[in-house]
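Structure first, commentary second.
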Amino acid sequence: MHRRFLACLLCAAALITGCHNSTDASPAGRSTGQTAGGQESTRASEVTVFAAASTRVITDKLGAVTQTLPDPFTVRVSNAGSTTLLQQLRDGAPADVLIVADESHMRQAEAEGLVTHGEAVANNTMVLVTPPDNPAGIRDFSDIDQAQLVVCAPEVPCGAVAAKLAAANNVALQPVSLEQSVSDVVGKVITGEADAGIVYATDAAAAAKSGKPLRVIPIPHAATFANTIMAAVTTTAVNQQAASQLVQLLGDTAFADVWAEFGFIPVNPTATAAATP
């Protein structure tokens with residue numbers, strides 16, 4: 001019954017999303033402010049989410065769904081690399097929910113007492129991308145030694161996976177630049193500052209949707225080294241109840257089609273999501 005209800009909410013949210021756009025580090029969904037007399041008007045509560053850069057694409061739909069819940073709340077999302085997000089929490093930045101791009105960073109956050117219990121919500125795989133005209137003439141992953149390559153720094157989830165994929169394919173990584181988020185890698189390939197970059201498949205799909213398509217080259221063994229997107233309520237969450245609802249929603253089968261729409265592999269897929277290529 002609960003999942004059927006959430007599925008109905010997602011249908012309603014699809015209509016809301018069509019007329020709403022969110023921005024980075026801003027509310028997803030709507031709420032009212034204070035009245036002129038200084039008294040707070042009726043409004044949805046707010047949940048602040050620190051989310052890995054690779055999950056940026058789901059922000060609008062997530063905000064729309066939370067606005068249709070029986071006790072609606074606004075989602076304010078700040079996107080950055082997972083390493084940066086953990087450091088912000090250590091520095092005391094306020095957040096109710098943490099979403100990171102791999103299990104390692106979530107376990108680290110748990111060990112440091114930054115979050116409660118992390119939940120796996122989706123998976124993501126990596127691909128090699130080049131500009132559409134492929135100036136370096138890259139045909140497959142083994143050709144990256146010919147390219148001006150950009151990857152994530154090794155301490156960032158996308159960088160750790162890139163290193164594992166290189167080892168699995170007996171390829172030496174010789175990047176000209178190490179970035180702190182996958183968004184930065186994508187940006188350098190789009191602008192032509194790099195011949196190629198190793199990014200998440202979801203980021204390549206998002207670039208195409210934004211009108212900036214990249215040439216995508218599959219990486220052997222990518223499925224073996226898929227990253228697990230994990231979410232958790234922070235130990236300093238102001239809105240514990242809404243934060244818990246949000247984490248539960250992210251891992252629910254009712255949200256699986258949203259993950260799949262943007263190229264993620266949901267951990268609890270519906271029949272539709274499981275059939276998505």
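Quick reminder: no glycine exception, Cβ is built from N, Cα and C everywhere.
What TrEMBL says about this protein:
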BINDING   SER54, SER82, VAL182, TYR200  molybdate binding site
REGION    23-44  region 'Disordered'
SIGNAL    1-21  signal peptide
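Within 8 Å of the centroid defined by the CB atoms of SER54, SER82, VAL182, TYR200, the record's molybdate site, lie the Cβ atoms of ALA52, ALA53, THR55, GLY81, ALA101, ASN124, CYS152, VAL156, PRO157, CYS158, SER181, SER183, VAL199, THR202, ASP203, ASN227, excluding the listed residues themselves. DSSP assigns TYR200 (molybdate binding site) to a strand segment in the three-state reduction. When the Cα positions of SER54, SER82, VAL182, TYR200 are compared pair by pair, the longest gap among these molybdate-binding residues is 14 Å. Around the Cβ of SER82 (molybdate binding site), the same chain contributes ALA52, VAL100, ALA101, ASP102, HIS105, VAL156, PRO157, each under 8 angstroms and 6 or more positions distant in sequence.
Other Cβ atoms within 10 Å of the Cβ of TYR200 (molybdate binding site), summed over all protein chains shown, number 32.
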